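Listed in TrEMBL:
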type	residues	note
DOMAIN	42-291	domain 'G-protein coupled receptors family 1 profile'
TRANSMEM	27-50	transmembrane segment
TRANSMEM	62-83	transmembrane segment
TRANSMEM	103-121	transmembrane segment
TRANSMEM	142-163	transmembrane segment
TRANSMEM	198-219	transmembrane segment
TRANSMEM	239-262	transmembrane segment
TRANSMEM	274-293	transmembrane segment
Amino acid sequence: MEGDNNSTVVKEFVLVGFTSIPNSQGLLFALFLAIYVVTLAGNGIIITLTSTDPNLDTPMYYFLRNLSVIDICYISSTVPQLLVHFLSRTRTISMLTCATQNYAFFAFGVTECFLLAVMSYDRYVAICNPLHYTVVMSRQACAKLAAGSWISGFLHSVVLTVYTFHVPFCGPNCIDHFFCEAPQVLKLACADTYVNELVIFAVAVLVLIIPLSLVFVSYSRILITILQMSTAAGRRKTFSTCASHLTVVSLFYGAAIFMYMRPRSTHSPQQDKMISLFYAVITPMVNPMIYSLRNKEVKGAMMRAWGMKERR
C-alpha cells in the first residue's frame, strides 16, 4: 500500500486462505494438488473420448466436451494460485492479478450456467421431438449455442468485474478467502458499495435464475413425455439419459444460488469459503465422474479406448 496524508491506496491484497487451520499447509497443498490433478485427468479423458470416439459424435457429447473444457479453466482460475500460497509466507496478490482471477472465475462460471441450460434443451429436443432432433440440433446450431454460452459468460464477467473493482480500496487489504471472490473483495472497499452489490446481485439473478428456469421448463416437458411412455423400461432408459445432467445442475446451481443470492448480512467468511470450495473446486472434479459412472456410452468408449471388450 502507498501512503498519502491520511489515506492509503491498496496496490495488493493478502489472501488469508485456510491459515485458520494450523500446521496443515503441507497437507492441504497435497490435497488440493491431488484434486487439481484428478480434475485435469477426468475432464481430459472426457474431452479425448468425445473428440475421438465416433459413437460419441453427437450434440450431447459435443456439449459435454465444452463442459469439460470449462471445468478445467474454471478450477484453473483459483487452485494454482492457492497452491502457490500454500508454499508462500506472504500470500499476496496484486490488484491486477486479483481482478484477472475474478474475471476468469466469473467468465467460466457464467459460461457453465448457460451451457447447462443449453444441455437441458438438447435433452428436451432429443426426448420430446426425436424426429426433428438432427435438424434442430445440427452441427451449426450446436456451435452457435455453445458459442453463445461462451460469449455470454465473458461479457457478463466484464460487468461483474468492473463493479467489483471500480471502487477505492484504502485498507485493510486482507481478503478472508482463498481467491478473489466479489463479496469478500467488496468488504474491503472504503466507499459505499450498495450500487455495486445491487448490480452484482442483479447479474447473478440474470445468469442463475434465467438459465435455471430454462432447465426447469425443459425437464418439466421431459417428465411429461416420460410419464406418457407405455413401458416402465422405456421410462427408466429415457430418464437415465438425463440423470447425470440433473445431478450436475443440482450441485452447481444449488451452491451458486446459495452463495450469490443470500442477503449480505447472512454471509460469514468461513461459510463462504466452504460454499465456494464446493462449486469452484469440487464440482469440476466430480462432473466427469458423474457422467462416466452413470453413462453406459461413456463407459463403453473408455473400454474401447483401453482395448477392452464391452459387456453386453
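Each residue, glycine too, has its Cβ placed from N, Cα and C.
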Does the transmembrane segment (62-83) reach the transmembrane segment (274-293) with at least 3 CB pairs under 8 A, where each pair is 6 or more residues apart?
yes
The average per-residue pLDDT within the domain 'G-protein coupled receptors family 1 profile' (42-291) comes out at 89
Any residues 6+ beyond the ends of the transmembrane segment (239-262) with a Cβ under 8 Å from its own?
60, 67, 109, 112-113, 116, 119-120, 123, 126-127, 183, 200-201, 204-205, 208, 212, 215, 219, 222, 226, 272, 275-276, 278-279, 283, 286-287, 290-291, 294-295
